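Encoded as structure tokens, the structure appears first; notes follow it.
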């Protein structure tokens with residue numbers, strides 16, 4: 001039947017059959033006269049509903065019922081007149097309810113009832129009046145109640161044969177409780193009822209050859225002269241079989257019994273109370289063993305209920321029953337919990353819970369401290385903390401599956417775990433910190449690495465499809481038009497820079513030293529500082545820098561002139577692009593070097609061919625080719641100079657020492673080697689082997705060859721300049737002698753102010769005594785490399801390039817965590833700092849101060865890294881405070897370097913007339929706007945005056961400057 005909540009009056013008529021079953025329906029209410037029209041029933045079953053009471057007059061007519069089953073409800077009260085009009089001829093089952101008592105008149109006139117089941121209730125007292133009319137009663141089942149006494153003569157009017165009253169709380173028994181009219185009682189079960197004293201007359205009314213089972217806790221055994229009786233004193237493990245019908249056996253299976261068909265009587269089933277260590281489960285109809293852990297059961301026939309779903313006794317705190325000893329049948333089976341567990345609490349369904357930050361590999365084994373940093377051992381198993389990584393891609397896949405099942409097992413706090421997965425006999429992975437902590441989220445159970453959106457792969461350091469790498473982070477790929485816009489902007493910026501330098505080279509012929517020359521001199525210092533600092537922050541990314549220094553280091557990578565990072569990764573637009581970033585950087589860098597050299601050659605040969613076709617004088621052709629060669633050489637040297645440290649760093653990272661070994665398992669049996677600069681690259685991969693061979697060749701041909709080539713070119717150029725100056729010295733002395741004959745009064749010529757910080761900024765005028773000296777100030781590849789150094793230190797820029805390479809060499813190809821690596825790097829940094837302070841190779845004091853500041857900042861950065869990489873680095877308050885102090889010192893030096901450069905640049909622009917030229921440009925724009933807005937006379941006059949003032953500038957006419965000095969003197973005398 002479906003669920004029925006209540007049944008109203010007269011709903012049931014006489015059924016066609018003899019049985020009426022209303023069970024397992026959740027029935028809550030039966031109203032009076034519900035079965036008023038039902039005359040006779042063989043079987044009426046209301047089992048397993050939610051009835052709390054039954055109304056009077058439930059059976060209105062004279063009804064005869066063979067079996068009335070109202071078991072497994074929530075009955076708390078029965079009216080005394082419930083069965084007034086009903087005759088029960090066979091069985092009345094009230095078991096497994098909540099009845100505190102039975103009304104005395106309930107069984108009035110029930111002379112035909114043969115079996116009464118009232119076990120598993122809350123009945124405390126049975127009165128004699130209750131059994132007065134039960135003349136045919138043969139079996140009484142009243143076990144599992146809190147009965148406290150058996151009154152004398154309680155069963156006298158009955159024909160009882162078997163009395164089952166075990167598992168009660170008897171404190172006393174009457175003088176003759178088992179007396180019947182015909183002495184019919186053959187079996188009495190009183191065990192597990194806490195009896196201590198019994199009168200001597202208690203057994204004298206039993207039938208012939210009767211059997212009695214009573215507790216062995218009796219202080220005195222009652223004296224009797226009957227030798228036919230079998231009185232057995234039993235202990236906790238005793239279980240007396242009961243013969244019942246098949247139908248009743250189904251009920252007994254839910255009441256702490258295990259029933260099976262009897263081999264002696266075909267129509268009966270033998271039900272045995274659940275043994276020690278077991279309890280009856282009414283939901284599965286079986287006897288279940290007490291689970292391993294903190295449980296045992298010393299009694300028999302116990303059954304669970306809603307209030308206590310596991311009917312087992314608990315071990316003392318800090319003790320448990322091992323799986324080998326379960327099911328526990330006594331407190332002696334509870335042993336002390338293993339080491340590493342919390343013995344102050346109940347064990348539960350394991351060998352006690354682990355202490356905080358402890359883990360286990362066996363649900364019933366000992367607990368161990370968390371072994372490594374990066375592991376979270378809460379919930380008694382090892383799993384990853386955010387910011388850390390491991391992999392299961394080694395060994396057999398069964399190892400991972402076994403641990404996965406074990407984690408599910410150990411996180412289960414109930415007894416429903418799988419006993420086949422309560423141990424993990426495999427090996428756990430080795431934990432590694434993620435280069436970018438935020439990329440490793442490790443959500444869920446923590447046994448599988450979960451990366452942040454956009455990240456994947458080894459140490460969550462790779463960008464997913466649809467993302468590109470930028471400044472150590474993965475950003476979502478933009479639309480294709482954004483990629484084109486970046487390319488266009490890059491080309492435009494490059495064109496503007498080239499155009500400005502070319503214009504400044506032409507302008508330099510008439511105005512002396514240019515702004516680009518000064519910017520190059522200062523910019524090389526700042527560029528070298530940023531390149532080295534960027535490499536340090538990139539190579540030492542595992543150091544716990546402060547957040548502000550991490551962001552600063554990410555920005556510095558842009559200034560390393562890794563041009564490939566300026567453009568969005570090609571993976572955004574070519575999803576199947578498989579080359580790694582470091583491979584792209586290497587190929588792009590080497591291609592860039594070849595492209596720069598070939599482009600310069602092409603420009604020069606194209607200019608040469610153009611001039612050969614175009615008819616022009618030999619002098620003009622040589623002049624144009626010389627200028628073209630000068631510009632090409634300048635751009636080649638400048639671009640290769642700027643890209644040299646970054647490309648050298650890429651080459652170093654591809655060398656075999658740039659690979660790190662990673663152990664994959666906690667026993668360090670399995671390992672792999674990964675490229676430190678790109679963990680997605682396996683150093684045993686065939687592709688990497690090819691690139692490493694190419695990097696080895698490039699380290700000799702490019703890294704060493706470029707420095708050697710520059711040194712040779714500078715040495716040769718320096719020798720040629722010395723020869724040229726020695727040849728020009730006699731002619732220069734004769735020119736001075738000729739000029740001394742002229743009556744020129746130079747005492748009235750005003751002296752230009754001399755700037756001790758930057759005297760070169762005051763050399764904008766033309767040297768009239770030596771017109772040819774102007775060519776020495778032209779911007780060329782030589783002046784770019786050695787223009788800001790003293791004559792005797794013409795080679796010092798090669799030394800600076802060597803410094804940049806060596807300062808990043810060890811941290812790139814060797815492990816930064818190696819103390820020897822950091823020691824050698826610091827020694828090199830300190831050596832260059834001392835050397836520069838000793839020789840002061842630069843011409844101007846401002847340049848020397850700027851370079852000293854950059855070298856000091858690099859030295860302090862390496863010193864900070866050494867402190868933070870120490871065994872206690874980042875872990876103690878003292879170290880953290882020291883790191884913050886050093887970080888502030890480094891940042892202060894960085895700010896000083898930037899401000900110094902900007903200040904010198906502003907001074908130069910102001911003194912060289914760039915600010916005046918800008919003001920003139922702004923004034924001309926303003927004049928043009930005002931001319932269109934007002935045409936009145938006053939406004940027109942004012943604009944003409946401004947125009948006239950603008951035309952009369954202090955600039956010297958080009959033709960006037962280029963005229964011979966003698967012509968200028970003659971013209972001056974003629975005017976006077």
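Just so you know, glycine gets a Cβ as well, placed from its N, Cα and C.
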(message) transmembrane segment per TrEMBL: which of the ranges 480-503, 504-527, 528-551 is that?
(response) 480-503
(message) Which range is it, out of 659-677, 678-696, 697-715, 716-734, that shows up in TrEMBL as transmembrane segment?
(response) 697-715
(message) Between the candidate ranges 446-473, 586-613, 754-781, where does TrEMBL place the transmembrane segment annotation?
(response) 586-613
(request) Write down the single range among 392-413, 414-435, 634-655, 788-809 that appears in TrEMBL as transmembrane segment. (result) 634-655
(message) If I go by TrEMBL, the feature transmembrane segment sits on one of 555-574, 915-934, 935-954. Which?
(response) 555-574
(message) Checking distant contacts: for the transmembrane segment (586-613), what same-chain residues at least six beyond its ends satisfy Cβ-Cβ under 8 A?
(response) 563-564, 579, 621, 624-625, 628-629, 632-633, 635-636, 639-640, 643, 646-647, 650-651, 654, 691, 694-695, 698, 702
